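Below is one structure, written out as structure tokens; the observations come after it.
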Ligand SMILES: Nc1ncnc2c1ncn2[C@@H]1O[C@H](COP(=O)(O)OP(=O)(O)O)[C@@H](O)[C@H]1O
Ligand SMILES: [Mg+2]
């Protein structure tokens, strides 16, 4: 039996399983008030998913607004927050769209498929803007490197990202791998995708034009990820719904690759009025969002949705999270051309409905009306919470526990090697060698560079030539954010921004993924509120707007939440990609320069973590003017061809930056530390806004003048060359030793 | 002489077709797109089967693609002497189509590997390697999960004695028998390689250097001499 | 010396992209009469001793923890020559 | 409606690193008494009609040309419920 609108009106008292679907009493009551009757089970399915934390941002909305209200003026911003992904003008008629999204919990349950479908989902977001996806990145957090469950989760996650991303033909140009015991039951898998399109080809998720057809295309709809919906189906109906309902979704990257090519051909043929990817909440979300942003009405015949399992109930079809599906709005005249292109790519496509001007989303199931709602009430008018927040009880004590009390090392060379071989600083080659970084032939920089860099000139057939390039980096430091979420979020932005700048690119725009514990815990909510406030302030101070992002709450086991982990992605542009600055020391006889200022900042540092297992004090200071001046120097110097290599300073400080610079091309260096500085502080402090660069001796004066003009401190450390990293009187380590130390750790852990 | 026309085949799931076309252009020839479902080779002078995951590499790499309508035209043309290069998935397809002997199976280390690989050119007597010198060492990226070359002892012996091992790994990354990275057919017109010369064309992008260009300039040399 | 066979298949409700790709290709290759294909894994396990109840219990444990992923896969264990249990 | 099963295994002389990796992992996981493991593929093929001789001949053809690569693999075809041929 079908729970139709008519039946719902006649049976107002029928009990409904809203609580099992995660709805609060007052939320359910609001749905009844909106409809003036009880919802049908299909309507309940729609409201429950659309009003979930995941889709409605009900706990985060009031805070995220700051990304808009505090946004710096930016002429580059073409599409801001609120769409599937933000779009940025990168010049010469080109635009870039990028976004980062989490797939944390699914990756814990089934690491391979969870991570794979995370990549699949973010790629479809980028496609839905009308862009060709051109690269992916992945920012990962796991429990302790030697924990047994890490050996289950990490290889699976990496294999999932690798198999899905490689099969799509998207180069993986960067990311992070971080270990910390706090992530043991809550690994973080944040996937980023970037796409390119012509500025005048932006597509939006909207369904205008009554009479236009609604087409569902891509994979068939199956019982994927609808554990919740089966509660619904079986609560009202005792019959057929005995089928198992997996909460795990399995991805089909081959289908997604075909979908990409098919969509690009559809865009090129100009047969798409509006488009939306199907992600969380599937058809429910796509139809309500498209209808809400269009003329306001849509009729859908849900029984036309092509199914992989014919037993699916309408509620389950609405909530199915089957992967590799898209929804398009197409004029009736263009339908034949649309279908022809889908046939060419072997993509199933079905007209399931029509745009109307009724202002209502109406769905039928074999002739019976099962949904009749105002789409905006589900898509835009969900509950909004002002969750209480309070500084964590232990916060003050944590900040007071300053690392200055920790014993400092005698042998700095041994300390460097221990840091360099520690899981967080060790080479990530075990991971990155499983990713194709070359496909499509436009990768200019990828691992181990600070940022991924792509040439954009040859992206689309017939594209006009341009010498521009884009750079992308993602960063986040949960330990800094634990010590001070406001500052920690700012430092995540600062590092990502700096990573883009050291390649010579001008930072333009920001995406972010905010990974936190439960918003119902006031102490977590405080961390969240502080992090958002910090990030919004930092974006304004650095002049880079937030274009989009994602919030992931409930990353906690029992009452133990993860460290607050805002992950920030920055996109930059190189006016001439041939001027990009390579990573590290690229040849002998070049001058090694340190930019920026070092003070003793060890709170949350790798040194405190690796050598003392200590987390306390305050993170390094964030000084936006200094960070901005550094980026200006780096990009100007790159454009003028003054730099032969670069590397930013971050985790592990100058010591680790020097070692990594040597490892990049197997070129050693002999350097001395700034006179008067404590060698330990000079080498291991993690003060922000610093970078290493190399210049040819003849470029030094011009570069020094540039630093002077922007008031960026520039200290000559020494010269590149030789087969060792040598700091006379402090340490002298063959590059080969650095290499075996750096490269041995992960393979040994994963063997 | 007008520019040589080199067909670049796209199967569903092919990924490196744009790279392949770029490589052909870099060498001074004209790339001609060929679609798997067509039965027309469009009069091309040579064919490049690029890498990727045709049909998702489901079942076995190259197993489904070899039945494509275009392959029905390509196989006899290759047997009749048309120069054909297959890299990575293209190599797998050529083996599945029995244009080349042996098979490519899962890497011994079980993981997909992307890295800049040192190789030695073992034969310059093919349509695609005449621009190199025998024994020349080059660095060209590899990126594959199923690149371990296997063949029975008899086939291996025939390949070795016939000078048909075209490229060998220096430091075997995947467990290939005899360190084989690429082989040719008896006539030398059909070559299959796991490495990706089309990703080693320019200093700006891809792997280090331009060592891959020779495969494409070889072809032009071969055709001028033909 | 006995041999046990473990067959591992995706659960019926889980998408099997590999099987689907094969099924879609068959008509094009001239094979008709097939309505669905599913692809799974088969493990042949050589035992040092006989395939007695203890050994089979061990193999079932092995299948559960290592050979199959119970989140998405089902498995069956049998001794070669016998039919599936 | 019948179901045919095609089992595909690497030929014995071809190195099977997946099987070996499993065999190596077993002692670490506390399983003893296994001397070797080999991993192959299993295909379940749903037929529209009965599994008569004609259908099986078709499936054998399919196995030979598509499901298995005779250069490296052996296969067996059977109807579900019967033992391997
Ligand atoms: N942390 C954030 N910062 C800025 N915008 C955000 C953030 N989280 C979510 N958003 C924006 O809110 C909108 C809805 O997000 P989401 O539900 O993740 O999108 P989608 O429905 O495409 O998956 C998007 O435009 C997204 O960019
Ligand atoms: Mg979306």
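Cβ atoms here come from the backbone N, Cα and C positions, even for glycine.
Copied over from TrEMBL, here are the features:
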type: ACT_SITE; residues: A:54; note: active site
type: ACT_SITE; residues: A:103; note: active site, proton acceptor
type: BINDING; residues: A:57, A:99, A:512, A:549; note: ATP binding site
type: BINDING; residues: A:101, A:550; note: Mg(2+) 1 binding site
type: BINDING; residues: A:102, A:103, A:104, A:105, A:124, A:249, A:321, A:322, A:323, A:552; note: substrate binding site
type: BINDING; residues: A:125, A:277; note: Mg(2+) 2 binding site
type: DOMAIN; residues: A:16-58; note: domain 'Phosphoribosylformylglycinamidine synthase linker'
type: DOMAIN; residues: A:82-196; note: domain 'PurM-like N-terminal'
type: DOMAIN; residues: A:210-365; note: domain 'PurM-like C-terminal'
type: DOMAIN; residues: A:450-573; note: domain 'PurM-like N-terminal'
type: DOMAIN; residues: A:588-721; note: domain 'PurM-like C-terminal'
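All chains included, 30 other C-beta atoms sit within 10 angstroms of the C-beta of residue A:323 (substrate binding site). Most Cβ pairs under 8 A with the domain 'PurM-like N-terminal' (A:450-573) among the ranges A:16-58, A:82-196, A:210-365, A:588-721 are made by A:82-196.
Among the binding-site residues A:101, A:102, A:512, no residue has its Cβ under 6 Å from any atom of ligand 2. Annotation: A:512 carries the greatest number of neighbouring Cβ atoms among the binding-site residues A:102, A:104, A:512, A:550 [cut-off 10 Å, Cβ to Cβ]. Comparing C-alpha positions, residue A:277 (Mg(2+) 2 binding site) sits nearest to A:124 among the binding-site residues A:99, A:104, A:124, A:321, A:323. Using a 10 Å Cα-Cα cut-off from the residue listed as 'active site', none of the recorded positions among A:101, A:103, A:125, A:321 qualify. If you look at the domain 'Phosphoribosylformylglycinamidine synthase linker' (A:16-58), the same-chain residues 6 or more away from its ends with a CB under 8 A from one of its CBs are 3-5, 7-9, 64, 228-229, 231-233, 235-236, 280-281, 284-285, 288, 302, 314-315, 318-319, 363, 365, 370-374, 377-379, 381-385, 519, 551, 553-554. Ligand 1 lies under 6 Å from the Cβ of A:125, A:512, A:550, out of the recorded positions A:54, A:102, A:124, A:125, A:512, A:550.
Apart from the site residues A:57, A:99, A:512, A:549, the chain places the Cβ of A:64, A:81, A:100, A:101, A:511, A:513, A:514, A:546, A:548, A:550, A:551 no farther than 8 Å from the centroid of the site's Cβ atoms, the recorded ATP location. DSSP classifies residue A:512 (ATP binding site) as strand under the three-state reduction. Annotation note: residue A:57 (ATP binding site) sits in a coil segment as assigned by DSSP.
If you draw a 10 Å sphere around the CB of the residue listed as 'active site', it holds 20 other CB atoms from the protein chains shown.
The Cβ of residue A:57 (ATP binding site) lies under 8 Å from the Cβ of A:64, A:551, each of these being in the same chain and 6 or more residues away along the sequence. Long-range Cβ neighbours of residue A:101 (Mg(2+) 1 binding site) (same chain, at least 6 residues apart, Cβ-Cβ under 8 Å): A:118, A:121, A:122, A:125, A:190, A:191, A:192, A:513, A:550.
Put simply, A:103 is the one of the recorded positions A:103, A:512, A:549 whose Cα lies nearest to the Cα of residue A:323 (substrate binding site).
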